[in-house]
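Among the features that Swiss-Prot reports, compositional bias 'Acidic residues' is placed at 193-203. Residues annotated as compositional bias 'Low complexity' in Swiss-Prot: 653-670. According to Swiss-Prot, the feature region 'Disordered' maps to 187-213, 648-670. Residues or ranges marked as repeat 'PPR 1' in Swiss-Prot: 129-163. The repeat 'PPR 2' annotation in Swiss-Prot covers 164-199. Residues annotated as repeat 'PPR 3' in Swiss-Prot: 209-239. The feature repeat 'PPR 4' is assigned by Swiss-Prot to 240-274. Feature annotation from Swiss-Prot assigns repeat 'PPR 5' to 275-314. As annotated by Swiss-Prot, repeat 'PPR 6' applies to 315-351. Residues or ranges marked as repeat 'PPR 7' by Swiss-Prot: 352-392. Annotation source Swiss-Prot lists repeat 'PPR 8' at 396-430. The repeat 'PPR 9' annotation in Swiss-Prot covers 438-472. Taken from Swiss-Prot, the feature repeat 'PPR 10' applies to 473-507. What Swiss-Prot lists as repeat 'PPR 11' is 556-590. Swiss-Prot lists 1-13 with the feature transit peptide.
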Amino acid sequence: MAAPCVRLGSVRCTGTLLRYFCGSARHRAAAASHEEIDIPRRKSWDKTAVLQALAYTVSHDPTAAHYMFQDEPFLAPKTSSEFRLYSLSKESGRNAAKYIIGTYPNLFQNDVAEPHIPCLMPENLQPQVEGVSEEALKERIQLRRVKESVDLFDQLLQGGTAPSLETTNKLLDLISFYGDREPVRDIQTSEQEQQEVQDQQETEDPKKRPRQYRKASEILGSWRENNNAERIFNLMPERNAHSFCTLIQGMAKFGSSSKAFNIYTDLMNNRLTADVQTFNALILAAPDIKEKYNEKWDLIVELLKHMVQQNVRPNLLTFNSVLKSLRKCGPMAKGLALQTINEMKALNIEPSLATYNHLLGVFYKGALSPRGQTEILSEVLDEIEGRSFTLRDPDDVYFFTNAMRVCLDLKDIELAYRLHTLQQTADNRGLMGDFYLQSTYYGRFFNLLCMMESIDIILKWYRELIPSLYYPNSRGMLDLLQALDMDNRLDLIPQIWKDIKQIGHSNKVELVEEVLNLMARDIQPPELQAAFGDTALDIKSLYEVKDRVRVALEWSAGSLGNVSALLARAGKTVEAWKMLQLFKKSHRVPSTEVLDEFLSRAKVDANTNLAISLVQLAVGFCLPNTAKLAQRVMEEFTVSEEQRLTLEDLQKSHSSSSSSSSSSSDSDRE
């Protein structure tokens, strides 16, 4: 990538970069100390202060449904897929209502509110000013009609009427903010974007498509070469700082970092001053300009120096942008990140959760990081524990999820408890982000609990989190089953299986087979064995229902054998025998252990005919232990002379078939 025209200088240290701002802050603080203190006569309360006070008196109810579903408790979802479908359906209905009201506002003019409440009345989203005029252009800009605004601007120029600088800057704001694309409405997507997605899906193999995080510019779209924003900017007879800053921010937002720095160079050549938002955008784009880590940092420092020279005071987002860019600066970023935090404190700028999130990103790169470097999370929690935060940076919502990932990689349950306590403090739970981020946070927390805690504590959290706050995926339920196995609490498996069905994971093959393996591994007391048998029958019914489910379960030799063994141990001989018949139908071969288990059940029931039928089944499968099976029947069962002859014939037929198969294999080798 071509380097911008900005001249970079070498930087020796960064501790005094923003000392100018520190001095200004101290000067203002000294001046303020001589001012008179004006004590207000009354305290101003927020409009929802009473509701907030009432909310603090109520703790979380793990049995209550999500607040989104309070209106329809009957339709409250029980699975993650139902949650997604319900929430999307509700939001779709709300957006559809907004669309109808916005499209036909004349049908909703009955104002019954006294006094008048403007927000309850429909907004007029259709243009009212006709013709080619600057007023019509302002209206299209206000309505966020990108294409119509550009067309109207061109018509004004062709008619010899140039819009004012203020109006042109507003148009430039609109085009740069949306990347010269129509904004995505509430219930519709741009036809061009839909076509791009469709073309991409047709040309790419979904199996070979890499699963990785994309840049923000890739999600938003790229900055097209010579788009309307650049064209209008070049057509402007006069430009002010706002014109340059708008174009720079748009280019940086949509991934055209090199162009953004070129425009910034033009801004400086015109002796104009950039605002703090523009510097923030350039700092975020700086790592994309340079290749080496030290060059990336030098460019960031150069921008900070320009802020000092242009008397632009940094804000919280400035320092967060520096920390976010430092995440791309390799090992050298650790010391620089701490210096950045010290600069924030010197300027009396309170860090936000995004600040600490970027700090974790700088110091913690993965589970293989040295232990001493990962203790930064403990120090962060020491500083922010017990505090209440508000949303001050869009990246604030990523802190809890990423911090819990650090706890999981470190397998530090105490840190996880401290983090969760912070999340429960005041209104901090409102900074969890969307449903995906919340589910990721609770999933990692529950995974760590299953690895590190006893089963009693795990079940306590299980009842508190599920399903009121978290719908576990199949991986989470597997972790719970492994925890039950480690603490030898297999008696809880029947109840957990009911939860698995309710949550909607009964069609996950790995999960179903893990349940069967745990139940069939050891012989349990009769009462528990009977419960296992009922669970095995329930699982068997899932394999038989194939028309009403999208993902049908297919019998494997292991699942067939486990269900057969569980039914035999539970005394359900008829059902167990039917399961043995399914082996041949499913083209599977029963194991020796399954046949021994079934023969033991036949011995308990003193059912000689069933034992002989089992030997006949083994002969049909040409199992190597058929002779031992027949010998065991003759020794352990009371057989008649006719039955003995039958068993001997079965042994002879098995021996002859075995010898013929071995001779054929020898001839094949010759």
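Glycine is treated like the rest: Cβ placed from N, Cα and C.
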Using a Cβ cut-off under 8 Å, which residues of the same chain at least 6 positions beyond either end of the repeat 'PPR 8' (396-430) come close to it?
56, 352-354, 356-357, 360-361, 364, 366-367, 374, 377-378, 380-381, 384-390, 437, 440-441, 444-445, 447-449, 451-453
Across the repeat 'PPR 5' (275-314), average pLDDT on the 0 to 100 scale:
96
Can you name the far-off residues of the same chain, 6+ from the ends of the repeat 'PPR 11' (556-590), with a Cβ under 8 Å from a Cβ of it?
512-513, 516-517, 519-520, 523-524, 529-530, 532-537, 539-540, 543, 597-598, 600-602, 605, 607, 610, 613-614, 617, 620-621, 623
Summary of DSSP states over the repeat 'PPR 1' (129-163), given as helix, strand and coil counts:
22 helix, 0 strand, 13 coil
Mind checking how the repeat 'PPR 10' (473-507) divides into helix, strand and coil residues in DSSP?
27 helix, 0 strand, 8 coil
